[in-house]
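Listed features, source TrEMBL:
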| type | residues | note |
| --- | --- | --- |
| BINDING | B:88, B:91, B:92, B:146, B:181, B:233, B:238, B:249, B:250, B:251 | Mo-molybdopterin binding site |
| DOMAIN | B:107-267 | domain 'Oxidoreductase molybdopterin-binding' |
């Protein structure tokens, strides 16, 4: 099956000034770090009405999914506007998605299950929605561990093959969210639709990824 | 003659926020949140109270007069009042834990009518005032165990359901009691939209066996922490069955009907393999998606509190065990 890549919306490449890109990067650092720091402060000091564990679990989980989807919008944007330098943002967003996912799991293990190790193992294996989330986390872990430029060079074409697994991790993360709520809610459905759109925009790559994995 | 020129910063009649918009601002803000960045914005926004304090618009609760029988006092640490009233499952006002607090403050409870009918000799209709006056009120400190594996300790105020049912005189054929929450989509956004209300077919309905309903622990609550209930906790009157998972304790009840057949119950209809009719707290029967062996007790101490405790059979209310001596609680979860 041959699927054509998407056409760009512009004739000429859009140049993004270096200082603007630096500003965007700084903003990503600032927002991602300060927001979670503030949330940690609120939950540790018991300043949130209700259950602090639930609040942090939800915040870090949603943060991870949001950042993951944001990182997946970079490539389509770069192609639509022929703005190659945007690609620089991808790794940063991906790494912050991994940071939030790590904090999500840490919150679950440290504060929800409070280090009840036998239960932690059992829950990951026995509960499909946790299994799915855990697999997504392992993929993100592998991608983050191999994200340095030096490793990218050393791994050659294997690097791209490994990093295509983001097309598995992202749906798993969204399914984990959809599965975790008790009833049909609007929000997880919106996330599924956004993911479908993001995949449709790179249908050529996905088609090749699926063809190769067969 | 005074010639007055308006500065551009002066406000005119046109700038006054329409009252309808003002009254509906919480929903409007929520709507904006949905269109915006989804949960990353909406969820913490409530927790952080970014849109300023709304305290002046809180639902008005009133002091109650009640006795404090020793048998129902407790030395367990209570869950603070702000957590009891700001961390709720009441899908009629939205599926988020902070939604009921955010969306229910304009809820009207007076006038109210609670009807007791069905297989009874003497049908009863209680008005709003009757709820607080017909029976002597007492304070009962009960543990509340949610099916989601968290728990609270709450000082309820109310009267025994058994007293009300005795007054209604159940007929010999009555075997079950069916409860129904108010259906009022105007006031309850979750009943207006399937997406806000989590796809539940409203009104919310619950049920008990007659002997469970007559048990002295089963309470009709009209208040907590010394005052009448706020809407998010089920004003003006709700059921409290402390040995069952929280969803059995139906809120804002308008009808109690005695029947000869087991009545349908909302969560059982929605997911029968996850939620049974009995829904007794039982550490040995897991929810398909999580373990029920332990729970987190929400009191104080924040994120670092070591609050994970063993879940007790019947939530520690062993005196109800005889009700189920002939029942396989694994099968009838």
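In case you wondered, yes, glycine gets a Cβ from its N, Cα and C as well.
Chain A comes close to none of the binding-site residues B:92, B:181, B:238, B:250, judged by a C-beta to C-beta distance under 8 angstroms. Its Cβ placed at the centre, residue B:250 (Mo-molybdopterin binding site) has 24 other Cβ atoms within 10 Å. Counting every protein chain shown, the number of other Cβ atoms lying within 10 Å of the Cβ of residue B:181 (Mo-molybdopterin binding site) is 23.
Binding of Mo-molybdopterin is attributed in the record to B:88, B:91, B:92, B:146, B:181, B:233, B:238, B:249, B:250, B:251, and the widest Cα separation among these residues amounts to 19 Å. Long-range neighbours of residue B:88 (Mo-molybdopterin binding site) (same chain, six or more residues apart, CB within less than 8 Å of its CB): B:97, B:100, B:101, B:232, B:233. With a 10 A radius on its CB, residue B:238 (Mo-molybdopterin binding site) counts 23 other CB atoms from all the protein chains. On the 0 to 100 pLDDT scale, the model's mean across the domain 'Oxidoreductase molybdopterin-binding' (B:107-267) is 97. Counting only residues at least six positions away in the same chain, the Cβ atoms of B:100, B:181, B:188, B:189, B:190, B:191, B:197, B:202, B:204, B:251, B:252 sit under 8 Å from the Cβ of residue B:92 (Mo-molybdopterin binding site).
Look at residue B:250 (Mo-molybdopterin binding site): DSSP puts it in coil. When secondary structure is read from DSSP and collapsed to three states, residue B:88 (Mo-molybdopterin binding site) falls in the coil class.
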